[in-house]
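Student: Here it is, the structure in full.
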Number of protein chains: 2
Amino acid sequence: MNQLTNLSPVDQLAQHEQEAKDLTRILPASKKVYIQGSRPDIQVPMREIELTDTPTGLGGEKNPPIMVYDTSGVYTDPNVQIDLNKGLPNVRETWIAEREDTERLDTLTSAFGQERLKDIRTAEIRFAHIQKPRRAKTGKNVSQMHYAKQGIITPEMEYIAIRENQRQREGVDMRQHAGQNFGARNLMEITPEFVRKEVAEGRAIIPANINHPECEPMIIGRNFLVKINANIGNSALGSSIDEEVSKMTWATRWGADTIMDLSTGKNIHETREWIIRNSPVPIGTVPIYQALEKVDGVAEDLTWEIFKDTLIEQAEQGVDYFTIHAGVLLRYVPMTANRLTGIVSRGGSIMAQWCLAHHEENFLYTHFDEICEIMKAYDVSFSLGDGLRPGCIQDANDEAQFSELRTLGELTHRAWKHDVQVMIEGPGHVPMHMVKENMDLQLEVCQEAPFYTLGPLTTDIAPGYDHITSAIGAAMIGWYGTAMLCYVTPKEHLGLPNKKDVKDGIITYKIAAHAADLAKGHPGAQVRDNALSKARFEFRWEDQFNLSLDPDTARSMHDETMPKEAHKSAHFCSMCGPKFCSMKITQNVRDYAQNQQNAEHSINNESVIEDGLKTMKTVYQEHGQKLYHKV
Amino acid sequence: MNQLTNLSPVDQLAQHEQEAKDLTRILPASKKVYIQGSRPDIQVPMREIELTDTPTGLGGEKNPPIMVYDTSGVYTDPNVQIDLNKGLPNVRETWIAEREDTERLDTLTSAFGQERLKDIRTAEIRFAHIQKPRRAKTGKNVSQMHYAKQGIITPEMEYIAIRENQRQREGVDMRQHAGQNFGARNLMEITPEFVRKEVAEGRAIIPANINHPECEPMIIGRNFLVKINANIGNSALGSSIDEEVSKMTWATRWGADTIMDLSTGKNIHETREWIIRNSPVPIGTVPIYQALEKVDGVAEDLTWEIFKDTLIEQAEQGVDYFTIHAGVLLRYVPMTANRLTGIVSRGGSIMAQWCLAHHEENFLYTHFDEICEIMKAYDVSFSLGDGLRPGCIQDANDEAQFSELRTLGELTHRAWKHDVQVMIEGPGHVPMHMVKENMDLQLEVCQEAPFYTLGPLTTDIAPGYDHITSAIGAAMIGWYGTAMLCYVTPKEHLGLPNKKDVKDGIITYKIAAHAADLAKGHPGAQVRDNALSKARFEFRWEDQFNLSLDPDTARSMHDETMPKEAHKSAHFCSMCGPKFCSMKITQNVRDYAQNQQNAEHSINNESVIEDGLKTMKTVYQEHGQKLYHKV
């Protein structure tokens with residue numbers, strides 16, 4: 001694990017040329033396109049995947065390109081010169097400025113932020129182009145929810161409407177199953193007004209701190225595409241700033257919709273600055289982690305003042321959502337005493353320890369309204385933490401967990417009174433048959449505020465594979481109505497994820513989220529499945545790779561068995577070989593059946609088929625009975 | 001891909017010493033134990049995992065060893081000398097012989113088998129110790145179902161009852177959630193009589209060909225532990241006998257309950273012999289694949305005679321179950337014409353092509369009773385193939401698929417008339433919300449005959465990760481009542497699985513099957529989860545690794561972050577580091593709460609807690625407020 005060096009993160013990154021390439025080259029057969037909104041500065045990025053034509057033997061038609069949601073930012077735009085030292089272009093700067101409800105401060109408000117600015121020991125690793133922070137003018141509320149409630153459709157909202165529709169071309173196969181959405185509202189087209197209404201009514205949030213103008217607007221809510229979050233962050237045990245920045249870029253490249261920086265080690269403040277300035281997606285944090293560092297890891301030394309300064313410090317850097325464990329109430333702590341694994345949430349256990357040490361109520365709960373005042377001055381969204389989530393199957397859905405969830409429901413309403421955006425964190429470890437109970441209770445007590453769950457893991461017996469034990473629960477709870485799924489990597493419970501673990505976790509969670517969109521019947525969700533399946537059926541191997549969530553892996557696995565280029569256009573599957581392939585056989589059957597004049601009517605009429613078959617037999621023999629063609 | 005050499009599979013295997021070691025060393029901290037039944041020759045294997053004591057600081061109690069179901073056969077028994085040339089010991093030989101309803105034939109009945117015996121070209125690769133085959137005496141039926149129906153409890157049934165109970169020691173934490181089993185019958189203890197009744201009534205099968213006495217009896221049924229199957233087999237494109245034998249051993253080592261040999265390439269007959277003689281688990285095949293080879297891959301040249309000879313050839317080698325696509329009826333074929341991916345089952349497409357070419361009904365359907373006569377003479381079980389299963393999300397649950405399923409229900413009853421055991425194959429590609437409909441219809445039309453599904457995959461967009469897209473569907477359908485899950489490897493749709501792919505597929509499916517057992521509330525299913533979670537909570541790292549499905553991977557991932565031996569007993573998690581760990585904090589909270597005299601009563605009474613807290617504050621401060629201890 002390489003420790004922090006004196007090289008700037010950029011220089012360090014530059015050392016790994018291949019890595020830099022991996023981070024910026026566009027995925028195969030893809031091009032970055034921008035859809036313009038009602039004004040020229042609304043440019044919504046998408047990835048367009050070019051497809052080849054169907055082979056002449058199979059009809060030879062053109063296959064229109066497929067548009068997919070793109071979280072990778074300008075890193076995959078060949079027309080943009082990436083400079084991590086300067087950070088990303090400011091997508092939202094003008095929109096924020098023209099609302100005229102914010103002001104630029106001369107200096108950082110937080111004492112700690114000030115102190116770090118002056119600290120010479122961290123000079124070389126400090127981000128060079130720190131802008132002066134924005135804050136709402138006195139008495140103003142700059143949250144997207146506040147605008148939404150006054151009926152204002154912000155550019156962010158319009159941007160999101162375009163983005164969620166993933167515009168598809170003429171001729172794309174839009175067929176899909178109706179789905180079962182448990183009361184979600186699926187529109188055939190997402191309009192800016194629909195986005196506004198969902199945000200106004202608290203069913204969706206737009207995490208978009210006014211100090212993170214680099215962020216490409218996105219939305220989290222049960223009536224939109226299911227999103228995924230990737231956790232990164234260094235710890236006392238290792239990882240350096242450049243590693244974290246490249247993990248972030250790597251994560252968004254593969255589809256992370258938001259990133260949580262869970263750093264607990266050295267230089268948390270500087271690491272966060274680098275990440276936010278270079279992140280095209282919303283960044284979330286757990287401020288209590290840093291606050292704990294400030295009191296040298298002694299929970300009982302935490303104070304509201306230290307925590308408040310940390311909130312402001314991070315809000316002025318541009319953190320888009322805060323995990324805050326305000327639901328860990330004093331009276332709930334003893335409920336965990338007989339658990340098999342007690343309290344496993346770091347934030348939850350810190351607050352529990354604080355409560356017990358002081359025999360006082362959780363200061364995050366008692367100061368909740370003051371926290372809301374800070375949040376709305378920067379538009380930071382709440383992610384109300386589930387500090388008492390179960391840490392094993394046995395502890396699932398117990399009194400401690402559900403008591404806290406009811407309190408999170410109460411806090412949701414208090415935040416909404418301040419027009420502050422809220423999502424709710426969920427478990428954890430839950431066996432399949434107990435997953436839905438979590439969703440149902442959350443929808444009830446939090447009035448459809450977005451649910452944001454960690455998995456849940458459906459068994460405890462597979463450390464090393466918890467991306468899979470949890471993807472099962474994640475796909476199910478996503479189907480039931482969870483808006484965002486926090487990924488779990490193979491290293492969960494074992495160690496710090498490296499880049500391979502991060503990618504494995506993300507692809508696994510893209511699968512879970514997409515399986516949920518399909519099951520909910522989200523409009524257009526099946527387009528990519530249909531296109532890939534058609535390519536598979538027509539042996540268009542390259543298209544099959546290029547349409548997949550991970551083209552590199554799909555291609556390399558295929559090459560292991562059939563390395564030759566010729567095989568990329570082989571009319572057989574590698575499983576069966578040239579002599580024996582069901583796809584090939586199926587095409588014969590299909591050509592045959594399609595040639596039947598009366599296939600449609602005869603389906604339920606055997607005698608008619610019999611006749612049809614007799615007359616067609618010769619035709620069939622003419623166009624070749626062989627099951628295989630030599631390559 | 002290494003081609004077949006002149007070396008015997010054993011010599012080839014010997015070339016890879018490390019591989020041989022991997023295949024035979026017992027898993028860490030484990031020992032092979034045998035539970036004796038009512039007679040000394042009923043010796044049921046299990047794996048006993050030794051655990052360390054709880055650290056003194058946390059109570060110091062002994063943790064009893066955990067018993068787990070063991071499919072690895074004598075390969076992991078240090079007291080048995082493995083000789084692949086001779087094959088495995090004959091567990092069932094006496095039981096079969098003493099029933100006196102079978103006879104040894106002087107020679108192979110099948111013409112093809114005869115021919116291969118004489119073929120000098122394959123002399124060096126032929127298994128040396130081929131026994132003369134057994135067959136039922138004229139007029140006898142040797143199926144386990146036949147015995148069960150007469151009220152006979154066979155040694156196989158008693159063996160299975162002991163095996164399914166996974167006997168647990170005193171002091172094991174047996175707590176678990178009630179589960180939701182959709183009408184399955186969970187017994188607290190599985191009795192031999194219960195096994196008999198389930199087999200007699202067709203709800204479970206015991207795949208146990210009288211010519212596969214090496215097989216350790218196991219059962220497939222919704223009221224038993226959910227099982228998994230691993231597919232192996234060579235193809236025209238590569239893989240040799242030794243590779244397939246070691247894949248089989250490798251697969252059973254990691255938990256494959258049955259193996260399907262899907263070879264379609266060279267020397268299918270010889271490969272199968274080597275696999276069966278050395279397999280401790282039931283072997284399944286798809287006889288139509290070999291029959292097709294015999295007619296040089298031209299489906300329309302297939303005849304009932306060639307197929308019949310193939311069935312007998314394989315039955316006399318000891319194949320335990322046959323996939324037979326007798327439900328692909330002529331009138332169903334046109335129903336696939338408008339599918340996005342037509343017919344993707346190899347067996348299904350072969351039969352469809354045969355039907356269309358001859359405009360005659362599927363000969364597997366018209367000769368079904370003769371097939372039953374062969375099956376019952378050797379006790380081969382049916383795995384009625386779903387030749388019209390969907391090949392993509394769009395084609396899920398369509399008319400072709402469900403029409404065939406209804407025909408499989410009809411065939412189930414015909415097989416039962418012959419006292420032949422039956423399971424039913426299921427899809428395939430199905431979005432989550434349409435999975436249950438498959439299970440419900442199967443239970444209805446097949447009267448609870450065991451369902452055996454391939455996944456299903458819940459999305460088509462992740463080639464390279466289809467073990468995961470399918471594990472989601474597999475876990476769900478297993479919960480709903482599927483008895484066995486056919487694994488899918490990461491190479492599905494792309495290439496031939498290597499040993500890493502096989503292991504990835506198996507561990508992923510052990511997860512799905514176990515998650516299903518937990519959700520069904522199968523008795524004792526949660527024991528291993530509880531033990532592992534307790535080890536995790538107490539920082540007993542070694543126990544955590546040893547209790548996991550894949551101890552090697554868990555350990556190596558942990559070592560990546562914390563290589564030192566000392567860390568194996570570190571009282572902190574690698575994610576947080578020594579300074580900051582929720583588990584550590586939780587213990588403080590837990591000790592504290594447990595010391596509260598009145599924790600129980602005060603849970604819902606804040607004022608009482610307040611008092612308790614005040615009095616306890618000093619106590620708490622005595623036993624140390626620090627969140628961390630130096631290592």
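Numbering starts at 1 and runs along the chain as displayed.
Cβ atoms are placed via backbone N, Cα and C, with glycine included.
Unlike curated records, TrEMBL annotations are generated automatically.
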Student: Hey, TrEMBL has substrate bound by A:Asn231, A:Met260, A:Tyr289, A:Ser345, A:Arg346, A:Gly347, A:Asp386, A:Gly387, A:Leu388, A:Arg389, A:Glu425, A:Tyr452. Any idea which of A:His212, A:His325, A:His367, A:His493 it lists too?
Tutor: A:His325
Student: Have a look around A:Asn231 (substrate binding site) and count the other CB atoms within 10 A of its CB, chains all included.
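Tutor: A count of 24.
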Student: Among all protein chains shown, how many Cβ atoms are found within 10 Å of the Cβ of A:Gly347 (substrate binding site), not counting that one?
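Tutor: Taking all protein chains shown, A:Gly347 (substrate binding site) has 24 Cβ neighbours within 10 Å.
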Student: Among all protein chains shown, how many Cβ atoms are found within 10 Å of the Cβ of A:His493 (Zn(2+) binding site), not counting that one?
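Tutor: Other Cβ atoms found within 10 Å: 24.
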Student: Suppose we call a site close when its Cβ is under 8 Å from a Cβ of chain B; which of the binding-site residues A:Asn231, A:Gly387, A:Arg389, A:Tyr452, A:His493 are close?
Tutor: A:His493
Student: Nearest to A:His493 (Zn(2+) binding site) by Cα, among A:Asn231, A:Tyr289, A:Gly387 (binding-site residues)?
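Tutor: Ranked by Cα distance from A:His493 (Zn(2+) binding site), first place goes to A:Asn231.
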Student: Counting Cβ atoms within 10 Å of each candidate's own Cβ, which of the binding-site residues A:Tyr289, A:Tyr452 comes out highest?
Tutor: A:Tyr452
Student: So if I measure Cβ to Cβ from A:Ser345 (substrate binding site) and keep only same-chain residues at least 6 apart in sequence, which ones fall under 8 Å?
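Tutor: Expected: A:His325, A:Gly385, A:Asp386, A:Gly387, A:Leu388, A:Arg389.
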Student: Could you tally the C-beta atoms, other than its own, that fall within 10 angstroms of the C-beta of A:Gly387 (substrate binding site)?
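Tutor: So the number of other Cβ atoms within 10 Å of A:Gly387 (substrate binding site) is 34.
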Student: Helix, strand or coil: which one is A:Gly347 (substrate binding site) in, per DSSP?
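Tutor: SS state of A:Gly347 (substrate binding site) = helix.
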